[in-house]
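First the structure, in the form of structure tokens, and then the observations on it.
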Amino acid sequence: MAIMELPESVEMTTTATTSGIENLNSDLNHSVRRRRGSNGFEAVSAIDSSDANTSEDRRDVCGSGAGLETVNERSKSVGESSDVIRKEEDRNDNVANGEESKSTETTTTPFKFAYRASAPAHRRIKESPLSSDAIFKQSHAGLFNLCVVVLIAVNSRLIIENLMKYGLLIRAGFWFSSKSLRDWPLLMCCLSLQILPLAAFLVEKLSLQRRLTERAVVTLHITITTAAILYPVLVILGCDSAFLSGVILMLVACIVWMKLVSYAHTNHDMRQLAKSTDKDETSDGDYSYDVSFKSLAYFMVAPTLCYQLSYPRTPCIRKGWVARQFIKLVIFTGLMGFIIEQYINPIVQNSQHPLKGNLLYAIERVLKLSVPNLYVWLCMFYCFFHLWLNILAELLCFGDREFYKDWWNAKTIDEYWRMWNMPVHKWMVRHIYFPCLRNGIPKGVAILIAFLVSAVFHELCIAVPCRLFKWWAFSGIMFQVPLVILTNFLQNKFQSSMVGNMMFWCFFCILGQPMCVLLYYHDVMNRKSSAR
């Protein structure tokens, strides 16, 4: 009847095994509680002899194989606990800073460790965030936000104080006088300037057909470019127009002049290359020379001053993007007018000439005017170079939109002039600087000639609309030449970008072009007040 007794023995064995497992689980939980203590902070090594005896009992009950398995599991759990200790030590810094994430009640590891008093708080060499070795490795977005908040708060107080003292001073007569007929000659002059590119195209077309000699082509181009400047100057001086209308017309005239010079110079160079290619039949270069009215028309409206037959183009026009940029243009133009009318105008009217009278009083006036003038200049830069030129480029699918570089990081005056106005810089390099070098002119003299051309056009754009030829703008631009030498010397001596950049901002904000603009504005206000 052994077969009948088999289930009974199996049942007894199963019962014994089940009870052994239950005892094993209870003893394990009891040992865990004893090791952790009441607060769970006791070390893992706190295993006494009772735990060892308990493990021997488990081997007797569960058998040798089960006992070995249990020992292996315990060894594995102890090893895992050691890993937890190492990981916990790495998280001690985060626990001290309150960065430890909230742990859940049920975790895969049966032990919880906290920041112990005996754990080391200092583990490695560290620098302070604002030290010279680590200042550029940290993010200073919070300090930048603080500067923005302080700037907004301070300027808001100044705006309220100005409104309480002067009231709303914005008037349209200084900027626009569309109700009067005195500005219409300037508009007709601006529209009639577009005849000059057509005349330049006819000259190049006749030259391509070999109906004009090279001397005649050069003479006609000189006549056309000279008319592009003299005609607007005579119109502005002959009409009592608004200041802004005269500035806009002179800017348009200077742009047309530079475009016509680039058009004539580029076509002349292409003719020379075509002739040299015809003479040298073995040349591998392809210098095809063509005169296209379509390319000239696109060039006259494109946001560039350097003529070429084709430009990099974008595939489409982003209408929504153009609308957003146009809204920004209107907002910042209004802000610029508000600062001029509300701040600069009252300060100038209530002051004497900066170069006349008490020196300390003149310095105080210049410093007081330099801040709002800097705001106006920054608004002008953002409106024209970023918003308007990008809008025009988007509408014309013009691809190269590097209209400026990071001139605010310039370490010298030389770097500033090479980065802040890229269309003019490229024109100067292409049509003045390198032609001077190719003709044997030294590098220093070529740079001086480039500054001389820039000074003449700055004087025309400001003095002609003001009807005051004080040569402040011309002197201000030419004064940049010794400043270039000085800032280059300081940069080479200190070898620090911060020193050079601070010197650049100092000269730029107080002693540079804004100073000349302030002087002209002061003279204009005095002339208007004396004429009343």
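Any Cβ shown, glycine's included, is placed from N, Cα and C.
Annotated features in TrEMBL:
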- HIS458: active site (ACT_SITE)
- 11-23: compositional bias 'Polar residues' (COMPBIAS)
- 71-103: compositional bias 'Basic and acidic residues' (COMPBIAS)
- 1-23: region 'Disordered' (REGION)
- 44-109: region 'Disordered' (REGION)
- 141-160: transmembrane segment (TRANSMEM)
- 184-203: transmembrane segment (TRANSMEM)
- 215-237: transmembrane segment (TRANSMEM)
- 243-261: transmembrane segment (TRANSMEM)
- 326-344: transmembrane segment (TRANSMEM)
- 374-398: transmembrane segment (TRANSMEM)
- 445-465: transmembrane segment (TRANSMEM)
- 471-490: transmembrane segment (TRANSMEM)
- 502-522: transmembrane segment (TRANSMEM)
State the residues, same chain only, that lie 6 or more residues beyond the ends of the transmembrane segment (141-160) and have a CB under 8 A from a CB inside it; answer 'none' if no residue qualifies. 342
If one takes Cβ-Cβ under 8 Å and requires six or more residues beyond its ends, the residues near the transmembrane segment (445-465) are 229, 232-233, 236-237, 241, 243-247, 249-251, 254, 424, 428, 432-433, 436-437, 471-478, 480-481, 513, 516-517, 520
Given the cut-off of 8 Å on Cβ pairs that are 6 or more apart in sequence, determine whether the transmembrane segment (326-344) and the transmembrane segment (243-261) share at least 3 such pairs. no
Is the transmembrane segment (374-398) packed against any residues at least 6 beyond its ends, judged by a Cβ distance under 8 Å, and which are they? 298, 301-304, 311-318, 321-322, 325-326, 328-329, 332-333, 335-336, 339-340, 344, 404, 420-421, 423, 509, 514, 517
Please give me the CB contact count at 10 A for the residue listed as 'active site', counting all chains in the structure. 20
